[in-house]
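Visitor: Before anything else, here's the structure in question.
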Amino acid sequence: MLDSFLFILILGPFIAAALCYIVRIPHIRSLVVLTTGCLLAVTSVLLFLNGPFSHTPPPILGVPTHWWVLWADDVLLLTMLYYGFKRRHLFSKILVIFQIVCLDYFELFMVDHDKVFPPFVADNLSLVMVLVISIVGSLICVFAIPYMNKHEAHQKLEKSRQPLFFTFLVVIIGAMNGLVLSNNIIFMYMFFEVTTLGSFMLISHDQTETALRNSVRALWMNCLAGAAFIVAMIWAYITQNTVDAQKLIAAGHMGGIMLTPLALLCFAGMVKAAQLPFQSWLLGAMVAPTPTSALLHSSTMVKAGVYIALRFAPGYAGTFLSQCLTACGAFTFLAASAMAVSQSNGKKVLAYSTIGNLGLIFACAGINTPEAITAAILLIIFHAFSKALLFLCVGDIEQHIGSRDIEVMRGLYARMPRTALIAVLGIVTMMLPPFGVLLSKWMAIEAASKHLFVIVLLAVGSALMVVYWSRWAGVLLSAPYEPRVEPEQQDVLTRLPLLVLAGGAVVLGLCAPFLYSELVVPFLPAPPFTIQAGIFENPTGAFVLYPIILVLALGFVCAVYAAGRARRARFSGPYLSGAQTADTESFEGPMRKPVAVSSGIYCFESIFGEERLTVWFNICGGILLALLIGGAV
Amino acid sequence: MRGVILVIIGVVAAPLLGGLIAGVDRRLTAWFQSRYGPPVWQPFFDVAKLFAKERLLVNTWQVFCAYIYITAAMLSVVLFFLQSDLLLILFVQAVGAIFLVIGAFSTTSPFSQVGANRELIQILTYEPLIVLVFVGIYLATGSFKISEVYSHTSPLLKSLPLLYIVLCYALTIKLRKSPFDFSTSHHAHQELVKGFLTEYSGPYLALVEIGHWYEVVLILGLCSLFWATSWTGIIVLVGLTYLCEILIDNVMARMTWRWMLGSVWTMGLSMSFVNLIWLHGG
Amino acid sequence: MDYLKVFITKSRIKSPWLLHFDCGSCNGCDIEVLACLTPVYDIERFGIINVGNPKHADLFLVTGTVNHRNKKVLANLVAQMPDPKVVVALGSCGLTGGVFREAYNVIGGVDKVVPVDVYVPGCPPKPEAIIDGVVTGLEKFARKKDDRP
């Protein structure tokens, strides 16, 4: 049973990818992607119901799996090297060659492959990750089918580049599933590299000059992460004589000897998760078609980074490394939130918000109490749904109105009521109670309360977050009254993922106690909260989730009813000092000419401007990161 | 049973008290300006009149947002009376505050748009301060729950003097008193007409007004936590604090939001940090 | 329900919020209007607030003559006031156009454009007269039909 589950979840996407690449018929490709998505989602649920396991897969075609992994690794690295030469980027070439040399020496001359231990182990953290990756990732792939058709129609390409695109889109899902299920860190490393190559290919997909430049940046930064990973792996093997992740974690930091490899692993994770000062690769990834950004940002790729930090969290509990990680994460949270405030580009706001939330997860991993780890895992789940939803909304909006600028989305409710409402819902689930992201943030703040420096960063950061989310939600609704708003036409495959993700974001938030007790508690040594009647409680605080949901839902129903009844009220235009013209959206100016009314959102360029802050934030982030690694050596 | 009574007090008595406080506020302000001033019950007359006015709207989102605002404001006060978690109360209160802003953003009026932007800045300024005050309470009592604050034996003011000043800053901004009344003002004629409340009118303005009373009670309730050991302490502390607020409101001119963000964050964050370090060390 | 109706009528009389519009006045009347707000006359003791926003106003004080340029503004402002509302015309110009009534650009008094409830004569009217006019207008609230069921 397990064999087939693992086969579908890890190798299935690779086979589907090969099919996408070879069979160049659009309908078959769509069918393959759809089937893979459904299959992955169902299998991930079955795997979860099957419970935690440790598993040794049988040899494939008579060859043990670790040889396959080594070959795959070499092929991968050589491909990267090829692109390094093709794009003439010295630094990535050096990094890739370094990795090839280290890896081959390590695999061929150092590792004792006869040691028996299961290369695949799943506990609740892995299973949760598999669920998130397979379900959210598949929905994004489904969304990509109509999206890419329109995208290419818009680009007027002679030859469709979709086969390549879908190949890497599904490959990343398989690689992520592999990464989170691996227990052998050599396997983990291989899958880590697959996501690197995949993101590189997806970012460069449009082949514009910016796309190529940004993809190279993503390549060298992620190769840096890979190099750190491989050094950590070798170092850990020298001290512990094993590549079994469970044993490495159980051994802990061994009085500091193991701290450096752990720090390097965290470093690799932080680069992958685009923490300061490495945020630029993720921001650059915005040039790619929206499904790419959605996939990289919500459920995969960046989540690989936080997964590694969380996976090894028990290993560095109570060390200086842990504290540094908290500081780095919290600082990233603040810095990313501050820079998001200065943006009016919707996708960039989303990107910074992702970086910020990942920072918060790293901070939780660093705090390393059961409470904080709970917050981190719940945040991974809720963030994946809400963020994927928002990205897909922005993608759909961009294809309709031709812009991703928040100012251009002003009054979108009048043009695309459905998408606008779903986007507002997504925004609300990102920042307000009773939804999940806020619940996890509450846990994070309560867990961080003893770390003075961190709590100040978190307090300021979350206030900044409120600013950029709420003004966006407000602007989307900013439309003059019309008795009937005509809903927009949408492809079924566009609407379905949006609705499922929106439903997921809301329903999962409401099921938080269930998620907590079923998914998170088994992973923790001791449950940090007691749950009674939907109330999360422990000595430091209480989150009365269900009563709040009940009252707010009641208020919501009343509000909807009142708003419906208010259609009978008298409608007038806004107050324009009495000078409004008949259409109420302009006023009578000089020479009796109508002047359109306009107003914009405050972006605080002079205070939070991206260009002003990036340098300083990068310096601070770099110092904190140096502290993290230096302190561990 | 006790819980039910507390909920009823929270829902019914809080707005009455809030309205009365608003009336006293106007009366005292008039007294400071050597005027006679309106009767103490004036806010209730205002709200009753607004409820009976014609419904005049720019769009229906305003209605939706006004209702969510009052629900959240009411809920936050009820949670306070039920002695729940401080951070949770802040977050629930934020739901209302943010929906009020979204409602203002949803109208196309430039006055209301600029007001909404400014209200966001006010939220941005006071929210971290309040979180830090709560963290201070946590460090002093070992819990975020209000029930734990009440079982604390010595007044919190003794260990959190600077954080109380920070809370007062946040209070002034939250109540939109001068010098922090950018987004809307209690007195007529600000440069933005009525700021982000410009387009809320009639019954919906009345809802917003009642929601504001709830918030006033909530904020004064938070102040009362600092001397929760005796009733005299609570009354003296809250009375003095509110008197100071009115005085500041009357003697200060409206400044700019840049000044607010800069000065309040510098003062507020450094004071809270110092106070938190005292607690941490001591 | 009767108590509620009585209370609402009382509230309307007790809380008239005021919008003041200078339609083309020489500012004489406006200065007298503002004088009403000063501590000497203190109209806030009647619950009157100068709101400067038609959407919040119950009472509309108009001073000055109406001309072709601002008649639209006048009509717009009245249209943006929610019912029940009272329009008070102030000063000779507001009543009839005053000494300017023959001018080529002047239409005449406020009642040429919008219905007026109370006329307060004078050039300018004294603050006492303005307050008296406002109070007369308030009596109309007691008589005006309640627009909400």
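Positions of Cβ are set from backbone N, Cα and C atoms, glycine also.
Residues or ranges marked as domain 'NADH-Ubiquinone oxidoreductase (complex I) chain 5 N-terminal' by TrEMBL: A:120-152. The feature domain 'NADH:quinone oxidoreductase/Mrp antiporter transmembrane' is assigned by TrEMBL to A:182-463. Feature annotation from TrEMBL assigns transmembrane segment to A:6-24, A:65-83, A:126-148, A:160-180, A:186-204, A:216-238, A:250-269, A:320-342, A:375-397, A:418-439, A:492-516, A:543-563 (among others).
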Visitor: Check the transmembrane segment (A:186-204) against each of A:6-24, A:65-83, A:418-439 and return whichever range has the most CB pairs under 8 Å.
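Guide: Of the candidates A:6-24, A:65-83, A:418-439, A:65-83 scores highest.
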Visitor: Counting only residues 6+ away from its ends, which parts of the chain sit with a Cβ under 8 Å from the transmembrane segment (A:126-148)?
Guide: 9, 30, 33-34, 36-38, 40-41, 43-45, 47-48, 51-52, 162, 165-166, 169-170, 172-173, 176-177, 180-181, 289-291, 294-295, 298-300, 303, 307, 377, 380-381, 384-385, 388, 392, 395-396, 399, 491, 493-494, 496-498, 500-501, 504, 519-520
Visitor: Which sequence-distant residues neighbour the transmembrane segment (A:418-439)? Criterion: at least 6 residues beyond either end, Cβ under 8 Å.
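Guide: Contacts with the transmembrane segment (A:418-439): 353, 357, 378-379, 381-383, 385-387, 389-390, 393-394, 396-397, 400, 409, 412, 465-466, 469-470, 472-473, 476-477, 487-488, 490, 495, 498-499, 501-502, 505-506, 508-510, 512, 536, 543, 545, 548-549, 552.
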Visitor: Under DSSP, the domain 'NADH-Ubiquinone oxidoreductase (complex I) chain 5 N-terminal' (A:120-152) has how many residues in helix, strand and coil?
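Guide: DSSP composition of the domain 'NADH-Ubiquinone oxidoreductase (complex I) chain 5 N-terminal' (A:120-152): 29 helix, 3 strand, 1 coil.
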Visitor: Using Cβ atoms only, state whether the transmembrane segment (A:6-24) and the transmembrane segment (A:250-269) have three or more pairs under 8 Å that are 6 or more apart in sequence.
Guide: no
Visitor: Compute the average pLDDT of the predicted model within the domain 'NADH-Ubiquinone oxidoreductase (complex I) chain 5 N-terminal' (A:120-152).
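Guide: Average per-residue pLDDT within the domain 'NADH-Ubiquinone oxidoreductase (complex I) chain 5 N-terminal' (A:120-152): 89.
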Visitor: Between the stretches A:216-238, A:250-269, A:543-563, which one has more Cβ pairs under 8 Å with the transmembrane segment (A:65-83) than any other?
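Guide: Going through each listed stretch, the top one turns out to be A:216-238.
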